[in-house]
Amino acid sequence: MVLLSENASEGSNCTHPPAQVNISKAILLGVILGGLIIFGVLGNILVILSVACHRHLHSVTHYYIVNLAVADLLLTSTVLPFSAIFEILGYWAFGRVFCNIWAAVDVLCCTASIMGLCIISIDRYIGVSYPLRYPTIVTQRRGVRALLCVWALSLVISIGPLFGWRQQAPEDETICQINEEPGYVLFSALGSFYVPLTIILVMYCRVYVVAKRESRGLKSGLKTDKSDSEQVTLRIHRKNVPAEGSGVSSAKNKTHFSVRLLKFSREKKAAKTLGIVVGCFVLCWLPFFLVMPIGSFFPNFKPPETVFKIVFWLGYLNSCINPIIYPCSSQEFKKAFQNVLRIQCLRRRQSSKHALGYTLHPPSQAVEGQHRGMVRIPVGSGETFYKISKTDGVREWKFFSSMPQGSARITMPKDQSACTTARVRSKSFLQVCCCVGSSTPRPEENHQVPTIKIHTISLGENGEEV
């Protein structure tokens with residue numbers, strides 16, 4: 001994946017000094033390519049900072065996006081500057097050894113970027129198909145392993161030419177040509193593009209099928225909210241488990257609660273955003289991976305030098321446009337980008353009116369507002385309150401927990417109820433409520449906050465039970 005093809009090097013295998021550079025052409029190319037490189041570097045840095053500075057974006061999916069941005073940042077900062085100089089001067093000015101290293105890093109970064117998109121497509125399929133099981137299927141440990149596999153496979157594909165898997169290099173060190181050895185071209189094209197592309201297309205086709213099927217289910221008469229958060233509802237009735245010294249009234253022997261399945265809207269929006277990323281990736285890289293194998297196996301069908309350069313830089317363009325796609329397609333990234341650009345990163349403190357958080361503690365302490373024994377769980381750690389609706393003066397919130405076992409601990413006296421309470425703070429709304437319906441053992445038995453799936457919480461404006 002080096003800029004100059006063999007077409008461009010034919011007749012150039014000589015040792016005399018290169019021709020004089022055309023100044024006007026060099027300035028024009030320098031401005032265009034330099035602007036593209038700066039835009040790509042700054043844009044990918046912005047993506048990384050947006051995730052790093054916003055804890056609600058600290059999820060495995062967004063870590064995959066950061067990995068994609070890191071690969072693109074490495075490409076735009078370490079490979080593209082030399083590609084631009086190569087294009088402007090018309091010859092390679094850095095020697096044979098650096099040419100080989102530069103070409104290997106080029107393949108490494110491009111392959112890591114493409115495989116990163118492949119991992120993201122698999123992640124989105126799991127998120128849309130298994131939204132409730134997603135936190136247990138896609139864990140941070142598995143995410144790290146997936147990213148390590150991405151970079152390991154990318155390294156394997158990129159280092160072949162460094163160990164001699166390439167055509168014989170020309171004697172003139174001012175020529176740094178693409179590796180057109182047929183075996184390596186086939187291997188790299190399959191591993192770097194066609195296999196990941198097949199996986200990406202299959203995953204997104206399945207995402208589309210699942211999303212379409214679920215949307216039909218929601219429209220077929222199942223109970224839904226009339227708000228933006230249309231959801232499937234499963235109503236469950238069961239008796240309370242009696243507890244010694246429980247402060248809960250014995251009259252409430254039956255608990256009526258709703259377990260709402262997450263609608264696919266958030267997952268579908270993320271899939272849509274990443275679908276646009278994949279679409280742009282195909283448009284940018286497919287021409288190159290069509291031209292390169294054809295030119296390697298059928299030399300008589302090599303495209304003109306100008307066409308090859310355009311196709312090659314079109315592939316580079318993909319690493320520069322991803323930062324444009326995120327804010328245009330995702331409200332989360334749009335707000336995160338704005339915060340970073342306004343230098344508001346990490347300025348959200350607990351006392352801020354924009355803070356969102358909740359505290360788990362025994363019910364008796366919830367009423368008094370005490371802080372002893374409370375467990376502060378930050379937003380972005382996997383536990384989130386979603387505002388469902390506001391009708392007739394009632395605010396309804398959904399509590400979703402993907403808390404890993406042992407991630408938070410709390411000790412409760414034996415005379416306390418197994419009911420866990422949550423204090424919600426969002427702008428001017430501050431209430432104390434009770435989450436019911438957990439089927440896990442009482443907290444005092446294992447000294448852990450129960451792993452709560454999904455609960456709906458209905459409160460009046462003054463916090464009264466609804």
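Quick reminder: no glycine exception, Cβ is built from N, Cα and C everywhere.
Under the heading transmembrane segment, Swiss-Prot lists 28-51 (among others).
Sequence annotations record features per position, and here Swiss-Prot assigns topological domain 'Cytoplasmic' to 52-64 (among others). The residues of the topological domain 'Cytoplasmic' (52-64), classed with DSSP into helix (H, G, I), strand (E, B) and coil, number 9 helix, 0 strand, 4 coil.
What Swiss-Prot lists as transmembrane segment is 65-88 (among others), and the listing cites similarity to another entry.
Residues or ranges marked as disulfide bond by Swiss-Prot: C99-C176.
Annotation source Swiss-Prot lists transmembrane segment at 100-122 (among others), citing similarity to another entry.
The topological domain 'Cytoplasmic' annotation in Swiss-Prot covers 123-143 (among others). With DSSP states grouped into helix (H, G, I), strand (E, B) and coil, the topological domain 'Cytoplasmic' (123-143) comes out at 15 helix, 0 strand, 6 coil.
Sequence-remote contacts of a segment are chain residues at least 6 beyond its ends whose Cβ falls under 8 Å from one of its Cβ atoms, and for the transmembrane segment (144-167) they are 63-64, 67, 100-101, 103-109, 111-112, 115-116, 118-119, 179-181, 183-184, 187-188, 191-192. According to Swiss-Prot, the feature transmembrane segment maps to 144-167 (among others), an assignment based on similarity to another entry.
The transmembrane segment annotation in Swiss-Prot covers 182-205 (among others).
The feature topological domain 'Cytoplasmic' is assigned by Swiss-Prot to 206-273 (among others), with similarity to another entry given as support.
Sequence annotations record features per position, and here Swiss-Prot assigns phosphoserine to S215 based on sequence analysis.
Look at Swiss-Prot and you will find 274-297 (among others) tagged as transmembrane segment, backed by similarity to another entry.
Summarising the annotation, Swiss-Prot assigns transmembrane segment to 306-329 (among others).
The topological domain 'Cytoplasmic' annotation in Swiss-Prot covers 330-466 (among others) and is backed by similarity to another entry. Model confidence over the topological domain 'Cytoplasmic' (330-466) is summarised by a mean pLDDT of 45.
Among the features that Swiss-Prot reports, motif 'Nuclear localization signal' is placed at 334-349, with the record citing similarity to another entry.
For the recorded site, C176 (disulfide bond), the DSSP three-state label reads coil.
When Cβ atoms from all protein chains are considered, those within 10 Å of C99 (disulfide bond) total 21, not counting its own.
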